[in-house]
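**Q** The domain 'Major facilitator superfamily (MFS) profile' annotation in TrEMBL covers 46-536. According to TrEMBL, the transmembrane segment annotation covers 52-71, 83-100, 112-130, 200-220, 241-260, 266-286, 298-324, 344-365, 372-391, 430-457, 513-531. Taken from TrEMBL, the feature region 'Disordered' applies to 546-576. Per TrEMBL, compositional bias 'Basic and acidic residues' is recorded for 549-571.
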């Protein structure tokens, strides 16, 4: 019978976890292990590798948008095909994440991570060599599958290999890499498009993924215990997986094309959107009552802190992606910068988000509390997004640099803090899917953020066009979406009355987008105060560990005060609320 090995965590120079459970050790001080976590060189190499891969995935997600007009001209495509070149990656990346989580439990983390890196590499090569839209869209979709898998496996591996108290430091590296890639993507895409070829946007990925394909098999060696793969496959929630992928796809596609390809009132948008929403409701009901081993256990949402943190992650992705998407359009459409300079103009975010994410992660690990970062980060995001309203046609360079800094600081603080809030409050039995849902909700927020920004912009610009003499007749044509209007503005004579008027209207419409995002960030700020404190001094409990590693987790003492949040309340079968203390568990 075909078998796979389920990774079994071990205590350094000590008994396996099962032995400790049998002996009744349920508290940290009951076990005799050393008092420190010592990451060895292999663990550092693994974390550096997946940080590099996260950077590349983030760059790819944001670099293509600035090249779409050039790609469309080169391949002779329609506006619809150009739209899908940017959207297919995001949709594929989002819908596959829960499936990758399930697959990694069955086949092991390493093989699924290698599959994800391979898929991203193959997709990049296909997109780079594409001579037509069919191959390009296929490549972008395969890239999205690989990118979604990379994001998922990164979260899972950090949760598997790093103790919770130390996790903030390592999450900060991952978050910093991802944030840096997100904000530098437009610069890289614009630079390749203007100086060489848009194809280099995709070739750029291959050396980095090649490094990953070489280093992952070398350093990621996991201890595994034999388990029947056929028995595990028999438990898979196939129906739930199909419903999940289908309903998410049906929901995300109209969210991305609404107001661009079709109006929001068109049946092309409303029908799949409604079907997707109904499908997600049906999926939740199905998962709650039918499968013995559901794809996404509904029980994980019975913890208030987890739900609030997921909501915060969703809003974080929504607001950040709106900034990344619409700020370059401000620089191109209002200040008339070229794509490369527009990419450089996002450096105030680049030089704040990534460093602040790293510093925050280390600080959270040091003080043992994540709430201060949430309660500080969200107000700064509210302030930072709100003051973007002050950006206008006459804004000087020093002024727009200063106005962009607060949003970068706030978003950077939220990257590691929302992740740790989720994981500190999670039941260890469901940790794999719990950590998977964090990048899932962030990706979902990214798609919704661009859609909300688009609706706000279109409604505002169309209203302003109709109020201007001579522009009302062109409102429907040129107010369809923000990026199309930028291209129209570029065709108008510089300094002309028409261009000056439209630029002013464009700037005011973007200002409305910032105000809406400010309100959404305010919602994130208010809900963050509902997040409870859970101790970060918990043992590492995972399904795998590094073979032969000396990375030891020490038992850090439980705190006696109730605010510590050591106990997790989780609704179990029959509605009984139980308090679970994490048993001693150590990756070895």
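Every residue number used here counts from 1 along the chain in the order it is shown.
Placed from the backbone N, Cα and C atoms, the Cβ positions cover glycine too.
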**Q** Sort out the residues at least 6 away from either end of the transmembrane segment (52-71), same chain, that have Cβ-Cβ distances under 8 Å to it, and list them.
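**A** Apart from its flanks, the transmembrane segment (52-71) reaches 77, 82-83, 85-86, 89-90, 93, 117, 120, 124, 136, 140, 143, 146-147, 150-151, 154, 174, 177-186, 188-190, 192-193, 198, 201-202, 204-205, 208-209, 211-212, 324-325, 328, 339, 342-343, 483, 487.
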**Q** Where among 200-220, 344-365, 430-457, 513-531 do we find the most Cβ pairs under 8 Å to the transmembrane segment (83-100)?
**A** 430-457
**Q** Across the whole of the domain 'Major facilitator superfamily (MFS) profile' (46-536), what does the mean pLDDT come to? Round it, please.
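**A** PLDDT averaged over the stretch: 88.
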**Q** May I ask for the residues of the chain that lie six or more residues beyond the transmembrane segment (344-365) and have a Cβ under 8 Å from a Cβ within it?
**A** 165-173, 175-177, 179-180, 182-184, 186-187, 323-324, 327-328, 331, 337, 373, 377, 400-401, 404-405, 407-409, 411-413, 415-417, 420, 536
**Q** Counting a contact as 3 or more Cβ pairs under 8 Å, with residues at least 6 apart in sequence, do the transmembrane segment (241-260) and the transmembrane segment (430-457) touch?
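**A** The transmembrane segment (430-457) and the transmembrane segment (241-260): touching, yes.
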**Q** For the transmembrane segment (112-130), find every same-chain residue at least 6 residues outside the stretch whose CB is under 8 Å from a CB in it, and list them.
**A** 53, 56-57, 60, 75, 100, 103-104, 136, 138-150, 152-153, 157, 199-200, 202-203, 205-206, 209-210, 212-213, 216-217, 220
**Q** Any chance you could find the range in 200-220, 430-457, 513-531 with the most Cβ pairs under 8 Å to the transmembrane segment (372-391)?
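**A** Ranked by Cβ pairs under 8 Å, first place goes to 513-531.
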**Q** Using a Cβ-Cβ cut-off of under 8 Å, list the residues of the same chain that are 6+ residues beyond the ends of the transmembrane segment (200-220) and lie near it.
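**A** Tertiary neighbours of the transmembrane segment (200-220) are 42, 45-46, 49-50, 52-53, 55-56, 59-60, 63-64, 67, 109-110, 113-114, 117-118, 120-121, 124-125, 127-128, 139, 157, 188-189, 192-193, 546.
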**Q** Go through the chain and flag residues at least 6 beyond the ends of the transmembrane segment (430-457) whose CB is under 8 A from any CB in it; none is fine as an answer.
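**A** For the transmembrane segment (430-457), the nonlocal Cβ contacts are 90-91, 93-94, 97-98, 100-102, 104-105, 148, 151-152, 154-156, 158-159, 252, 255-256, 258-260, 264, 296-297, 299-300, 306, 309-311, 313-322, 325-326, 418-419, 422-423, 481-482, 509-510, 512-513, 516-517, 520, 541-543.
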**Q** Using a Cβ cut-off of under 8 Å, list the residues of the same chain at least 6 residues beyond the transmembrane segment (298-324) that approach it.
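**A** Sequence-remote neighbours of the transmembrane segment (298-324) are 62, 182-183, 185-186, 284, 287-288, 346, 349, 374, 378, 381, 385, 388, 407, 411, 414-415, 418-419, 421-422, 424-427, 430, 433-434, 437-438, 441-446, 448-450, 452-453, 513, 517, 520-521, 523-524, 527-528, 530-532, 534, 568-572.
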